[in-house]
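Visitor: Heads up, here are the entries from TrEMBL:
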| type | residues | note |
| --- | --- | --- |
| DOMAIN | 2-153 | domain 'PurE' |
| BINDING | 10, 13, 40 | substrate binding site |
Ligand code: RP5
């Protein structure tokens, strides 16, 4: 069953957002990946967000750049947790994306991660952590993933 929906405003966001998809794949979390633009394909966004919960999704990860209203609009139309990833824009290096996503008015939350690939990877990890609260096997896989990361840190730089 697909548990996490990864959406992004443009195909150009995929290089960033694949970070979320890759970590979910590593953790064995079923996910889907769609291009859904708040301004270019508003009807697609409406259909996606309105049907997400009934289709069995548990978490939505939404990445967008510039005037990045995709995560907020998605959150407005689903009660599922929405994790927002600010994609690094050319004009303002993602500061615009960050502020667009993080500054949601009270009442409709979006969990905003860091700008760029780090944010995408962490969105995948956070989605897995949310799911792991009710999935002991996934919790074990997530803890093992974290332990491998810890074990891979060198004692010395050379
Ligand atoms: C946003 O505009 C997308 O999320 C993307 O980050 C940005 C640029 O899109 P393209 O012009 O590359 O399609 O909607």
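Just so it is clear, glycine is given a Cβ too, placed from its N, Cα and C backbone atoms.
Remember, TrEMBL labels are computer predictions, not curated facts.
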Visitor: Average the per-residue pLDDT over the domain 'PurE' (2-153) and send me the rounded value.
Guide: 98
Visitor: Return the residues near residue 40 (substrate binding site) by Cβ distance under 8 Å, restricted to its own chain and a separation of at least 6 in sequence.
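Guide: When sequence neighbours closer than 6 are ignored, residue 40 (substrate binding site) has 9 within Cβ distance under 8 Å.
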Visitor: List the residues in the vicinity of the substrate site, defined as same-chain residues other than 10, 13, 40 with C-beta within 8 angstroms of the site's C-beta centre.
Guide: 8, 9, 11, 12, 35, 37, 64, 65
Visitor: Run through the Cβ atoms and count how many others sit within 10 Å of the one on residue 13 (substrate binding site).
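Guide: Result for residue 13 (substrate binding site): 25 neighbouring Cβ atoms inside 10 Å.
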Visitor: Across all chains shown, how many C-beta atoms besides its own are within 10 angstroms of the C-beta of residue 10 (substrate binding site)?
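Guide: Here the count is 17.
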Visitor: Using only the Cα atoms of 10, 13, 40, which the record gives as binding substrate, return the largest interatomic distance in Å, rounded to a whole number.
Guide: 14
Visitor: Please state whether DSSP places residue 13 (substrate binding site) in a helix, a strand or coil.
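Guide: The residue in question, residue 13 (substrate binding site), is helix (DSSP, three-state).
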